[in-house]
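The structure appears right after this line, and notes come after that.
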Amino acid sequence: MSLKVKDLCNIIEDFAPISLKEDFDNVGLMVGDREASVDAIMTALDCTMDVIDEAIEKNCNMIITHHPILFKKPSKITMDTLLGKKIIKIISNNINVYSAHTNLDSVKDGINDAVVNILGFDKSSILAKNNKAVKEAGIGRVVELEQNMTLKELCDRVKESFKIQSLRYCGDEDKKIHSFAVINGSGQDFFEEARKRGVDCIITGDTSYHYVSDYNEMNIAVIDAGHFGTEWPSVVVMSKKLEGALHKMGINTPILVSQNNIDPYKFK
């Protein structure tokens, strides 16, 4: 059986429905031909030029990312801009690009739940429920600890679990953590929801000074593990879901995880 782009779109959307995306978001097939056959799939967090080149080199004509390459409507597509160069190269090499973003964050067993599991916990509740969801879904998860941890212990667990060199945090290292919220990626818009839930700590990425300063004053610890650090699980989630679905269909289309999609930040 030949796998077409439209078949792959249906598989992804069956697991992470487009209806679950946040209103500001853009998800789905970004570039491509729904009737084209899929030879091989590459998964990545971002559709960088390095990822595109890797897909070409490894004969992958389908790239699936978490972050949409077309987040905002471009005013033009030319070789004068980075985005234009990417899209032209994608089209010139007959590559299809699909993105599952906040819908993959929200869905049950999506990125939020994957992050909780990676941290070593198996029970959580939804932080901000998605009212459009037929089943339970929403942004962020709240974990109630059966045994308290100190902030230092939680920071150490985050570093070890996410395999990151360093992180930023606020709060007393000896602070007792009874519950915490996980909001992968840029989670500041949901900090207030976390505060209302009474959590002692928020784990996220991409925090800004004034937000953290305010929540520090409110005695809520914040652990900033970076945008890449908290969202690389998206690649793992998507790859496993696709492998399982294709196996059931008797399709052996190769699925490769990009080796070129790395955190742009370096640390000294």
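FYI, residue positions are counted from 1 along the chain as it appears here.
Using N, Cα and C of the backbone, Cβ positions are placed for all residues, glycine too.
Here Swiss-Prot flags HIS66, ASP105, GLU231 as divalent metal cation 1 binding site, drawing on similarity to another entry. Reduced to three states, the DSSP call for HIS66 (divalent metal cation 1 binding site) is coil. The Cβ of HIS66 (divalent metal cation 1 binding site) has 27 other Cβ atoms within 10 Å, all protein chains considered.
Per Swiss-Prot, divalent metal cation 2 binding site is recorded for HIS67, HIS227, GLU231. GLU231 (divalent metal cation 1 binding site) carries a helical DSSP state (H, G or I). All protein chains shown were included, and the count of other CB atoms within 10 Å of the CB of GLU231 (divalent metal cation 1 binding site) stands at 26.
Cβ crowding, taken as the number of other Cβ atoms within 10 Å, peaks at HIS227 among the binding-site residues HIS67, HIS227. Here the C-alpha separation of HIS66 (divalent metal cation 1 binding site) and HIS227 (divalent metal cation 2 binding site) works out to 12 Å. ASP105 (divalent metal cation 1 binding site) is surrounded by 30 other CB atoms, counting those within 10 A of its CB over all protein chains shown. Listed in sequence order, the residues LEU45, HIS67, HIS101, THR102, LEU104, ILE111, ASN184, GLY185, PRO233, SER234 complete the 8 Å Cβ shell around the divalent metal cation 1 site centroid, once HIS66, ASP105, GLU231 themselves are left out.
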